[in-house]
Each structure stands twice: as C-alpha cells, then as structure tokens.
Amino acid sequence: MELQSLIDTVSLQKLLLLGALLRLILIAYAFFHDQWFRVKYTDIDYMIVVDGARHMWNGGSPFDRTTFRYTPLLAALVMPSIWIANPMGKLIFASSDLGAAWYCYGVLKSFAKERSAKWMVSLFILFNPIVLSVSTRGNSDMLVTFMSLMVLSKFARRKCYQAAAVLGFAVHFKIYPIIYALPLTLGVWEQSVAASTNTWRRVVKTAVVVSICALMAAISFAVPTVLCYMKYGQQYLNEAFIYHVYREDHRHNFSPYWLLMYLNMARRHLGQGVDFSPRLVAFAPQAVVLSFVSYKLRRNTAHACCVQTVLFVAFNKVCTVQYFVWFIPFLAFLFCEPKEVEDDESGGSGAFKFFSWVKALGVVLMWAATIPLWVTTAVPLEFHGYSDFAQLWIVSCLFFLAMVVLASMLARIAYRVQCTKCSAKSIKVA
C-alpha cells in the first residue's frame, strides 16, 4: 500500500528525471569500466557508429568504417560524439528511452489507470535493467522502439497520417517496424467499424485512409533513402538493407538457426554450395504467425504489435540481447490495469483477472532463465573454442520454446481482454 501511495505522489516528470539520472550514472560508470576491464561496457556497435560519424565528418563515407551497416543518418545523429565528447551519442540513445517512456505513458493514459500507467512505464522502460543496459552501452535499438511507440501514440489519437509518416521513417532506420503495417491497417478498419454501421461506407473510408497512409509511409521512407543513395550510392543499399536480408550470424545468436548458418558457411568454404537458406526457412513461419496474430488481435492494435514483436524476435534467423528492447516496452500495454474496470469479488481487476500472476511470473522467469543459460553455454564455444555445438543448439531451441510460450501467454491475455465488453470500451483506441 505504501508503494502504491508513493507512485501516486510521483509525477511522470519526476520518474523521467530519475530515469535520466540513472542513465547518466551508468554512462559515467562505462567510462571507468572501459579503462579497467578487458570486457568493455561500451557496445562494439557504438564504436562502429562513432567511427562512421568520424569518417563522415572528415568528408568521407560512414561505410569506410568496416561493418558499418546502418543508415548514414545514424552516423550524423551521433556527430556530437566527434564534436564534443565520445559519450554524447550514448546520451542521445539514452534520451530515446525517455521519449519512449513519454509516448508509452501517453498511450496508456487513454485506457489505463494513471497509477498503473506509471508502474508500467517504470517497470518496462525507465528502470528496466535490459533497457538500461542496451541504451547506456551505446546501442541504437531503443531509438527505433521510440519511433514505434510514437506511431502507436499518433494512432491512438486518430492521427493516422502522422503515424504512417513516422512508421516509414522508422523503417528507413531498421526494416523490422514494417511488421506493424498489417495490425495498423486492421486497426483502421476497426475504427471505421466503430464509426459506421454501413459496410460499404466502412470499406470506402478504410480504403481511402489506408491508401493515403501507405503514400505517407512510402514518402517518409523514400525521401531519406533516396538522399542517402544519391550521396553514397549502391554501397549504401548493400550495407544498410541488402546485407540484413542475407545476413547470417553464427556467433552471439540466440536463434536455433545459427547452426544452419554455421554449416552453410562451412559448405561454402569447402566449395560445396548451400543446402538450405535460413532466409526462406525463417521467413515462412514468421509470415504465418505474424499475419495470424494481426488478425486475431485486430481490435487492439497495441496488443497486436506487442505479441507480433515477441513472435518476430522468436522466429527471426538472428536474435541478440538488444532485440529484446524491441518488445519489452510494449509489454506495458498488456500488464496495465484498465481504468474502466472495477475490482471483482476475487480482488482482481482489469487485465489482472485474465491471468494468474503466479503463472505469468513463472513464464517470464522461465524465459529470463534461458538467457544466462545460453550465455554460459556459449562462452566455452565462442571464446575458448570448445566443441559444444550440439549442447548450444539444444539450449538455443529451449530459448526459442521459452519465447514462444511467452508469446502464447501474452496472446491469450490480449485475446481475453479484447473479447470483453470493457476492453471494447476502454482499450480499443490503442
């Protein structure tokens, strides 16, 4: 009760300030950690981006830095790291955490109790250890999550064209937000269903809105992409887009597909060609489950995007820790307490009555436990050269199953919520 009273008295601005202070402390700690420890706190990807920015500032191309495989706009964004001090880029990425929390809170306020909204933002973004670690180590993935949450915030306020424009720009930074196009399109249809009982009118209105949204998204994607292509040519397309389609990572990859990639690499080295393409093997189940989830959870776009992202990460041919920040902030939409739901006789309320906290905690802990299990299994193979391929692949399969079980639980919660009368009234706008 004391904690509940405390969260009631703390404003969102104070929570954001505390989150910012914590991130400043971690960024400062990283400077000393990197000086004294062999394993650096700073992510290697951050060093690559800063090096790319340095090449750009010196009149060259960010792609002059080997393994720079991002949009040049990212290098331009961290240019203060060259002008002022190296950690400036980390401050920019950490600021995206705060922006993500702001937009997440804005969406939550439309259907969740204020206390619950604060708790969710604190738990899944501001003080979440994975989110904290990823952004303060200098990884840019939360920047795209920030834009994805901005899309949902615009959509929740019926600003569909603005949402589409932001989505197109987000896809320019990373390809994966394109998966939100289908649930957003179905969300537009559901909005038209709520606004009119005439089927023909709904179809026409949806077609017009979706067409304009598609045009807005295409323009906001094409403009920066064409400008970057005009400046850096085919190398930009190869590194920023095409590479990620053909990417095969057999190291630091939680996905079970890493073994197939490793065997393919060995066959190519021996000149024997490739038996199976991970792209095709991974894409087919991804497309099926994402389409199915989008349709079943179409009445709640926020829920659909959350479950979609978990499944996308689970079925992706490459999965690393920073990918977790793609979906962790979205969990706030599923575990919040809707404002228009009264406590029931058993003491549960809102979304809390749709699942057992014990069961939910067990599933989350099961998924979380597979992470250190995978790391401890991978270290002997990846750093010491021990031949533990079979053992690591089995652990990767366990991680995949844990992700699927987590997604299944989230989908069950979301479906039960949207099937209730209260969710139709209070959550549909999201």
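Easy rule for this one: first residue shown is 1, then count along the chain.
Placement of Cβ uses the backbone N, Cα and C atoms for every residue, glycine included.
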Same membrane side per Swiss-Prot: Thr9 vs Arg416: no
Range among 116-136, 305-325 that Swiss-Prot annotates as transmembrane segment: 116-136
DSSP residue counts for the topological domain 'Lumenal' (33-72), split into helix, strand and coil: 22 helix, 0 strand, 18 coil
Leading contact stretch, 12-32, 164-184, 361-381, 389-409 vs the transmembrane segment (73-93) - CB distance under 8 Å: 12-32
Two-stretch contact, the transmembrane segment (361-381) and the transmembrane segment (164-184), at least three Cβ pairs under 8 Å: no
Other parts of the chain folded back onto the topological domain 'Lumenal' (33-72), taken as Cβ under 8 Å at six or more residues beyond its ends: 78-79, 81-83, 86, 89-90, 134, 137-140, 172-173, 224, 228, 231-232, 235-236, 239-240, 243-244, 322
